[in-house]
Amino acid sequence: MNNMLKPDFFNTTGNDTVKTMMSTVVSATLPKTSETRLTKPVNFTMKHIKETDPNGTLSCVYWKNTEWVVDGCYLVQTNSTHTVCSCVHLSTFALIMQTKPSAETSNLDLLNTVLVSVGLVFLSLTLLTFAVCRRHLRMNNTPRINLCISLLLAHLIFLLTQKFIHYIQSDQLLCAVLAGVLHFLFLSAFVWMLIEAVLLFISVKNLRKIRSKQKEVLGWKCLIIIGYVIPLVVVGVSVGLFPEGYGSEQCWIKTERDFVWSFLGPVCAILTINSIIFIAIIFTLRSALARLNRDYSQIKQIKILVFKILVQSAILGCPWILGFFINGSQVLEMVFLFLNSQQGTFIFLVYCVLNQEVRQQYRKWMSSCFVSK
């Protein structure tokens with residue numbers, strides 16, 4: 001019942017407050033009667049299931065039709081562990097605490113919205129560029145295109161879900177479906193990061209052939225199967241084992257029965273592999289560059305390549321590792337938010353702005369625009 005009758009159904013004048021369920025939901029009835037009004041108020045004690053906030057406001061509420069209300073109920077006394085409520089009728093009761101979000105939380109939410117929106121713009125620009133320039137690009141952009149698609153959909157759905165969370169929470173099925181879709185999209189993005197890391201390592205290993213068109217290791221059809229079937233299997237198994245694991249208060253994966261590891265487990269494995277591959281790329285690149293001739297044009301090319309490799313650490317998802325070390329640090333949280341929300345920006349920078357073939361197409365478009373005018 002606690003999962004269905006959420007605290008956000010408590011409508012108050014201060015809609016900007018954060019509402020937290022502080023007790024289990026209980027129901028009280030009298031046998032052989034349908035009358036719920038009482039001649040005398042009844043007192044009942046609610047045990048706190050969470051630590052109270054000294055700056056919060058506790059309310060004794062009951063369920064009426066489709067929302068929590070306080071009519072006929074009031075708080076008698078409270079301490080750190082229990083609260084005594086008094087009501088003049090029988091119904092379904094609960095204890096809800098209202099707290100105002102801190103200024104830091106509000107600023108962080110605003111920053112999150114701005115950064116994710118910027119990332120979405122660059123993800124869209126990258127996909128548009130790849131679509132228009134697909135005939136002029138020699139490299140296989142299948143991993144990047146699908147990484148952009150997965151990140152674009154995941155960040156967009158996540159952003160919209162959080163913005164309209166109060167409306168979505170009333171529909172438990174919709175909330176659970178959104179959580180499952182986000183689970184699939186983020187896992188898919190990480191699998192594409194892994195594919196990108198492997199292909200990048202192979203490219204660096206063949207650095208001497210960088211000017212020639214290299215043979216593709218896997219066809220785009222095989223990459224598509226790997227990139228989407230693996231996360232689909234993980235989500236399918238997760239749903240089969242614990243179908244109630246989707247649809248937390250934030251419409252994400254629940255923490256009960258360690259179900260959140262259905263996401264964290266694959267992510268940790270991929271981040272570990274990508275970090276190892278990235279370190280191997282650095283050492284391989286260092287060894288390969290030492291064998292190249294150092295004329296001016298090649299030195300310039302080497303500098304660009306080194307910069308691309310460094311930015312690739314963000315594209316491969318390495319900054320996600322910071323998420324395990326935040327522990328309340330606002331600085332780390334902001335760095336984590338910036339780096340991971342701007343993956344689309346980094347992809348656009350490396351594979352569009354710093355790509356000579358794409359830049360040539362940009363120049364042709366601009367020239368044709370100016371000539372037509």
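Glycine is treated like the rest: Cβ placed from N, Cα and C.
Please treat TrEMBL annotations as automatic predictions, because they have not gone through curation.
Under the heading domain 'GAIN-B', TrEMBL lists 1-103.
Marked as domain 'G-protein coupled receptors family 2 profile 2' by TrEMBL: 108-355.
The transmembrane segment annotation in TrEMBL covers 110-133 (among others).
For the transmembrane segment (145-165), the residues of the chain that approach it from at least six positions outside its boundaries are 8, 113, 116-117, 119-120, 123-124, 126-127, 130, 178, 181-182, 185-186, 188-189, 192-193, 196, 223-224, 227-228, 250-251, 315, 341, 343-344, 347, judged by C-beta separation under 8 angstroms. TrEMBL lists 145-165 (among others) with the feature transmembrane segment.
The annotation transmembrane segment is assigned in TrEMBL to 177-202 (among others).
Annotation source TrEMBL lists transmembrane segment at 223-243 (among others). Under 8 Å from some Cβ of the transmembrane segment (223-243) lie the Cβ atoms of residues 142-143, 146, 150, 180, 183-184, 187-188, 190-192, 195, 257, 259, 262, 266, all in the same chain and six or more residues away from its ends.
Feature annotation from TrEMBL assigns transmembrane segment to 263-285 (among others).
Sequence-distant contacts of the transmembrane segment (305-326) (same chain, six or more residues past either end, CB-CB distance under 8 Å): 147, 189-190, 193, 196-197, 200, 204, 267, 270-271, 274-275, 277-278, 281-282, 285, 332-333, 335-336, 339-340, 342-343, 346-347, 349-350, 354. Per TrEMBL, the feature transmembrane segment maps to 305-326 (among others).
Within the chain carrying the transmembrane segment (332-354), a Cβ under 8 angstroms from the stretch's Cβ atoms is held by residues 108, 111-112, 115-116, 118-126, 129-130, 141, 144, 147-148, 151-152, 155, 304, 307-308, 311-312, 314-315, 317, 319-320, 322-323, 325-326, all 6 or more beyond its ends. Taken from TrEMBL, the feature transmembrane segment covers 332-354 (among others).
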- Note on the structure: Given the transmembrane segment (263-285), its same-chain partners at Cβ distance under 8 Å and 6+ residues beyond its ends are 183, 186-187, 190-191, 193-194, 197-198, 200-201, 204-205, 207, 231, 234, 253, 305-306, 309, 312-313, 316-318, 320-321
- Message: Suppose you look only at the domain 'GAIN-B' (1-103); what would the mean pLDDT be?
- Response: 83
